[in-house]
Amino acid sequence: MSSSLRVTALANLLLCVWLTLVTVPATAGQFPCPASDGVFANCKGANLEWVPAGLPLSVEVLDLSYNRLRAIRRADFAHLSRLRDLRLQYNNISHIEGGSFLFNALLEHLNIFNNSLRAIPHKALQPLVKLRSLDMSNNLYAQATLDDVFSAFTSLESLSLGGPLVQNLSRGDFRALQKTRLVKFAIKAGTSLVHYEPGTLVGIQTREMWLDIALDDRPEILPNILRDFAGSSFACLRFRNLFEFKYYTGTEDIFLGLRAIKTNKLVFYRGKFNENLLRMALLNIQGSPIKGLELVAVDFARSPSFVDNGTGSSVTDLSLDELVLSDISNPDILRFDWRFTWFSKVRNLTIRNVNFNFVPCDAWDELRNVEVMTIANNRLRDNFLYNQRCTYKDSMPSLRTFDASANELTSLSTLTALMGEWRQLRVLDLSYNKLGSLEESCTWRQNITKMILHHNTFDRSVLDCLPTTLEYLDLSYSSLDQLDMTYFQKATSLRVLLLSDNKIKFIPSGWSSPSLWSLVVDGNSFGLINTGSFHNMPSLALLRAGNNPYHCTCDLHHFFQETLARGTVNITDWPDDYICYHPEPLRMTSVDRFSPGRLACDVRLVVAISVVITAIVVLVIVLLCYAFDVPWYAKATYQILRARYRARQEGDLLGRDFAYHAFVSYSHSDAEWVRDQLLLRLESCEPPYRVCIHERDFMPGRWIIDNIIENIENSRKVIFVLSHHFVNSEWCNYELYFAQQRAIGKTFQDVILVVKEAIDPDSLPSKYCRLKKMLSTKTYLEWPEETQRRAFFWAQLCSVLGKPTLRV
């Protein structure tokens, strides 16, 4: 290295170090380029006139496009040593200083498209030996000659250069690329090109050759260019604006060189074509190795001077794997050859956005070899596509895929008549049409396996008009509100079903589709799914069901928990698109955060707990009943009601006079004391007391309970002879209970307690709660053991009974 070069390199290095040290990052409020993770700095469209200072050292991708930059200086990117992708397109850059990329050796992608460069910046580009793509076309330099510096760009894959002011393309302009294998090479010259030297493009090795060269005034240049390509092999040869402002009216066959070019695809993008030029191109293509032809956005016009005499002028041997006619405003391009013979050997035919609305009968006869046909985004209607005056027998024998999307078709049943003879048809795309309710039945004679019908307006009857051989069905955006389950039982091969963004209100629990593998039902109107919703879909592996107004219930929770845990079904949009809409407290809650708890949702657990609690409650009630003798009270109450019922049936009348002064209740074990002491004393008075005892006064043949109740009611007083035997006597218990009931007209003042044996009130059973109360609050008579005290006892008893009368 010479001393001068060493000095220059050292100076540049010192400059970079100094700029790195003095560059102060701008504050967050002033910095116009937000950096994503410090790697991508987006300064696009920020109205910048200078490269902003303060860019992070870690930046690898810098977008400065659509600004007002005028020049690139040495210091602008000196500190960005990691920079790999720099975008400077759509600025007003007229100058790039040498050394501007000296410290950006890692740069792989540089875009300076559409600027104001007056010359190719060879000196500035020299350090970029790792460049993979460089776009510097549409600038203002007049010469496109590449310096030897480009021979060092061995990694270069894509190169675009030239501009509207390039006047000359000469041999040697691209000599530096002879050893570089490109993927894409693009050269722009526009209508400014005055001179093209034969051999200019010889030796360029690229898979794609793009030529943006307008030959309005120099059509003779095209044969020279094509001769340079003779023997070359391209994946794609693309001409843009071949004739930009004028139609070619010459007679020279300027496409003659196409026959010697080995290219898979030939593209004419934009530019003016008349039928003479088009026929000239097609006649040369049919004798070339070209297998694909695209005419995109060309301006087509009929040639007033062209006369088709019908002899030898038709294109009859255009053997193409693919022919594309796209975005052409004039549909006459389809009829420049009124016999349509140029379609006869095409396998894949695309006629997209050409505004045609009528298919002549002759055309179907020339489509015998078409396997894939696309006539999308046109203006076809049912009667324009299917003309009943045409004969469709044996038409389209090779057609496998038919795309008629984005037209004005309205009747699916009419289309089945058109396709009745297309026996090889497997894929049918009728999306973006106006198909609706069916008026006629549909008959499918072929085994269609894929049908795309999204963006139409259907109701459930559409399923009656679909072939049952389908494996793929797309009914998205079709306003469906319900489904006919009968179809899915017949379509036993269906594997993919798309129903996005309809109005389906519920998922039927009996939905059976044994072969279904992928189901898409997002964006509908149903809010409930459960574990049984897809139970009859054993092959289901993919499910998308988000963006529905879900009602967050236990069934919904169980479905997602079980489905996710089992892992056999992949819910592709989980959990972001699943939101609760009901109930109100859970609105806008993510379904994956809805967790109602095991007790709220596990029915078996709830049933088990309910059974246990019920059993405990019943057991407690039984124990309480036992402790408080509830059964005994219930039985006694039942006996009262029963006796009252029998009394009413027998015509007993209430309110009669008392028949006895006292009713004596006693235990059988105390009967001797009652007879020998109590009765003897009371019935020997003058006048005597009338006393009722069960042994003597109960009416034979009547129910004991009835006798007890009736005699208690017919007695003014009730005497209870209390003893240990009384407490243990069932009948005495009844007599005591009946005597306590207000319902039979007795009060505590009419009850006389005679304690024959000492009884501790606390030792009495709980059912004697009232007896306990009377013993603790009411004065009772106690039978004395001492004989001398008994006279006082009888006096007290007679006082309580009152004076005996003849009529009680």
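From the backbone N, Cα and C atoms, a Cβ is placed for every residue, glycine too.
Just so you know, TrEMBL annotations are computer predictions that nobody has curated.
Record source TrEMBL places CYS361 in a disulfide bond whose other cysteine, from CYS390, CYS442, is CYS390.
The record in TrEMBL pairs CYS442 in a disulfide bond with CYS465, which is drawn from CYS465, CYS552.
Each residue contributes its Cα atom, and for CYS465 (disulfide bond) and CYS361 (disulfide bond) these two points are 26 Å apart.
All chains included, 16 other C-beta atoms sit within 10 angstroms of the C-beta of CYS390 (disulfide bond). Between the candidate disulfide-bonded residues, CYS361, CYS442, CYS465, the densest Cβ environment within 10 Å is the one around CYS465. In this structure the alpha carbons, written CA, of CYS442 (disulfide bond) and CYS390 (disulfide bond) are 20 Å apart.
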